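Single-structure report; data block below.
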Amino acid sequence: MRRPKKYESGEATQYISRRAALRKLQLSLNDFRRLCILKGVYPREPKHRRRAQKGSSEIKVLYHTKDIRFLLHESIVWTLRDYKIFAKKSNRDRAIKDFRNLKRRLALFPEIKLDHIVKERYPTFIDALKDLDDCLTLLFLFSTFPSLHLIPREQSNLCRRLTIEFLHYVIASKSLRKVFISIKGYYFQAEIKGQKVTWIVPHYYPFKPQSRQEVDFKVMSIFVEFYTIMLGFTNFRLFHSLNLAYPPQFPSSVLQDSEESLKDEASFVSDRIAALNFELLRTDKVQEDEEELDIDMELLEQDGDSKRIIKMKQEAQEVSRLRTLFKGLKFFINREVPREPLVILIRSFGGKVSWDSSVFAGSAYDESDETITHQIVDRPSLATQYISRDYVQPQWLFDCVNQRQLLPTNKYFLGEKLPPHLSPFVDSKRDTYIPPEEKALLDPSLIETHAQSDDESEDEAEKEEEEAVDQELLDAQLQLAYQQETAEYKKYGGQDGVNEDEEDPEDDDEEDDDEEEEEEVDEKTKRLQQEKQKMSVQSGKVHKVNKRQVHKAEVDEHRLQARMVKPRHRNLFRKLIREKQTKEKEEWLLRKKRRTIEAGEKEARKTAKREARKEAAAAAAKASKLGK
């Protein structure tokens, strides 16, 4: 048996460099990148880089050898090679000005078909739903792009159509569960076939092309090319599961890409929002309010875990209430409010929505409609208001969905300071810092106590100030009375203010007897008091913690733990300790930030009250002068 040479077995044969892969596949770098993105092949990080690179110390891009062998049998490789042949022949025809042959070649342009790759990467429909997060986020981003050098208008139109179809499924199935507003955009989470799908809808801003090439749009467009095929298959399955016609049919006035709509970005976005405000055609011709299927309790009882069954039943009841949260409510959106996320929210939970028809297309009713229950406004005041409706800010809708109930509107009126917008995507039982508003949501009894604590602290501060003033006046009066008393004693008495009388010896003996009796009584009373003190409940004494000693003890304990860890696990132990320290630091910074904010608000309230008192005192003084 021949002994294997160095780097002929083991980790050196499991990895291959990118240059060697290009030679093996006979592709250019751009074609290799495109092939890897479409097939889902990515670079790998070896455990021992020096061994994987056959002794070389430079850093190379490495792939698994089995992945490159897998790419050798892909039919797309031949299509990419046909692109090279097509480019050479078409360039030759242009050079010799053989336009007849060039036209024939353009008609036979080789096209890449990705259907088999989608089926290969996602064998089941649930696998495709699990990988839908990045797909939706990227397609929603590209649906807002204008025509660029590397992004043709047809691609952004296709992204717009597919995302609108997916949103129509979410609205029809009422599968939306969580929403959140952030700097990046609007976060949405839907539950589809038992899988949680989360995506981001970006804020709408007029597009500004960047001078620097910081973003590689070419690579992103390759991802979009694959994701559009994948989302098309997914939408087809989802629509047919609800007996909806696919592709959906919209009115002729909506989603018609004319020259005006392609030039004007505002009308392009307006058409996309208007398409969300129409009902879809059904294949069964029967439109019913689809309700969540009840949980089969007989099947669940076989588990024997009653707490789990009760929890699932409560969750199902909350979801059924959430699906009809805005049922029977009519909303009107003012022109300054971003419409797309609000239309998705309102229609997903059974509400009706409209906007100003003179500015945007697709409105269902006018602002003068008396049946409107809520008007969404994002300005401090309005000239004309109707008594029959509530004027609220947009955050009210998001908070109602996250808390799964219709909240009181008094905190969201025009010009009101909004409550903090809490994220529903964090764990409520986490070990890190939890703001008091989130604690109040988990325990409603803390809402009043938190508000009362501020009022009580302010009242206590006011009482302390008043008591200090009264105490100063009382001390001054007592000092004056004492001075008068001592002056009278000095005038009518001895030097020390005490009369000097002669003392009799008989009186001394009587006084000695009285003192002895008093001492005996005092000893008995002392014993009784000591016994009572043993049996009595005394107030506790404040024990001051020495922070230095506590910190020193923690450091010593940490060193002892580090010594007990095995050498092979020390790196893991250090990593855990580092993560713990970073979490503690983040929590400390958040608490410090909260304290500074609360101190500033408290000081502002105090100064406002002082100014109000001064104004009231000045007004009272002015009124008294006028009365005189």
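Backbone N, Cα and C atoms are what each Cβ position is placed from, and that goes for glycine too.
Sequence annotations record features per position, and here TrEMBL assigns compositional bias 'Acidic residues' to 454-470 (among others).
According to TrEMBL, the compositional bias 'Acidic residues' annotation covers 498-522 (among others).
For 523-534 (among others), the entry in TrEMBL reads compositional bias 'Basic and acidic residues'.
The feature compositional bias 'Basic residues' is assigned by TrEMBL to 541-550.
With DSSP states grouped into helix (H, G, I), strand (E, B) and coil, the compositional bias 'Basic and acidic residues' (551-560) comes out at 10 helix, 0 strand, 0 coil. Under the heading compositional bias 'Basic and acidic residues', TrEMBL lists 551-560 (among others).
Annotated compositional bias 'Basic and acidic residues' per TrEMBL: 597-616 (among others), in sequence order.
According to TrEMBL, the compositional bias 'Low complexity' annotation covers 617-628.
Across the domain 'BRCT' (321-414), DSSP assigns 25 helix, 14 strand, 55 coil. As annotated by TrEMBL, domain 'BRCT' applies to 321-414.
According to TrEMBL, the feature region 'Disordered' maps to 437-470 (among others).
What TrEMBL lists as region 'Disordered' is 489-567 (among others).
What TrEMBL lists as region 'Disordered' is 597-628 (among others). Each residue of the region 'Disordered' (597-628) gets a DSSP state, and the totals for helix, strand and coil are 31 helix, 0 strand, 1 coil.
When the compositional bias 'Basic and acidic residues' (523-534) is classified with DSSP, helix, strand and coil residues number 12 helix, 0 strand, 0 coil. Applying DSSP to the compositional bias 'Basic residues' (541-550) sorts its residues as follows: 4 helix, 0 strand, 6 coil.
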